[in-house]
Amino acid sequence: MGKGASNKKVLERVPITKPPFEYNDLKKAVPPHCFSRPLFRSFYFLLHDIIVTCILFYVASNYIPMLPGFLSYIVWPVYWISQGVFLGRLWMIGHECGHHSFSNYRWVDDSVGFLIHTATLTPYFSFKYSHRNHHAHTNSMEYDEVHIPKRKSEALDLYFEFLGNNPMGLMITMLCKLTFGYAAYIMFNYTGKKHKSGGLASHFYPQSPLFNDSERNHVLFSDVGICIVLYACYRIVMVTGAMSAFYVYGIPWVIMSAILFAATYLQHTHPSIPHYDTTEWNWLRGALSTIDRDLGFFNMNKTHYHVIHHLFPVIPEYHAQEATEAIKPILGQYYKYDGTPFLKALWREMKDCIYVESDQGQKKQGIYWFKNKI
């Protein structure tokens, strides 16, 4: 009974009334040192993850192929998951650089972020610019940049009838999204907003409607970096063979992509948090319509403490927990945390959060909640 009551509480909707606090109240509650981002400490975490990643690459390239067949079947998956997690950790540091939360020097942040994201086949400046728009319009039905839910009218099609509303269909959907979702977002803006101006909404296309004129040269620069890495991958394949390169880098990259897609999906998808159209949305409402999760396998505070990240993206991940604890008493019911295990939460959200619509009889029709009844 206790567990059922706890689950019910987790799914209780957050209040939609005006919060009894202001943004400045939250900022004053955060200890000032949480906004500091010392260069030495940030580089310590960066070098730690780079060293572990390099060691894993070295072991996978030189020792795992020498193992007996039966043993390699066990060790390879352990390597893939471990390396995928550490590539994801490096990617998150690059993401921090885009928020200027790595150091006090923007040129350092952009240099480090560019190198890290390029190595993980992410166009740094392109993602930085589109992600900035996500933070500026979080949970806006019209203007958010990623994981925009479908309205009920859009969900009434064959895809949702046959894939989204039965266990086998949900499993196929989940596997496809985890495998291809991140790459599809970067290449084709999958789950992103529809741009009225038309054009290819790709992070690789400088003329994409995702960017303004002042950003296009940086997008092109990001593309050049990606091309260099792809050429390096090609040269490695020529030396080691396609299968070896796929085992050592390709599969861990897919694992990293799955982690990133799942983490961001879960941070913005939950039965208890609303989305808003232009009649109801404001920045604070959007920032509070995110949810903290316990994605322990990822071991990165930006994945655990996402609410504080949207309120104060300049806070580095190693201060996120302390800053969160400082504002929780002020947030009260406006703060949402769900400790449901990762795979269970992912399955539940994909099953229960198929589309959004306003409640019948609801006075404010610009507030949308996740539902699953087709």
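Count begins at 1; order follows the chain as displayed.
Every residue gets a Cβ built from N, Cα and C, even glycine.
Taken from Swiss-Prot, the feature motif 'Histidine box-1' covers 95-99. For 131-135, the entry in Swiss-Prot reads motif 'Histidine box-2'. Look at Swiss-Prot and you will find 306-310 tagged as motif 'Histidine box-3'. Annotation source Swiss-Prot lists transmembrane segment at 50-70, 74-94, 168-188, 219-239, 246-266.
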The correct DSSP tally for the motif 'Histidine box-2' (131-135) reads 5 helix, 0 strand, 0 coil
For the transmembrane segment (246-266), the candidate among 50-70, 74-94, 168-188, 219-239 having the most Cβ pairs under 8 Å is 74-94
Whole-number mean pLDDT, the motif 'Histidine box-3' (306-310), equals 96
What DSSP reports for the motif 'Histidine box-1' (95-99) is 4 helix, 0 strand, 1 coil
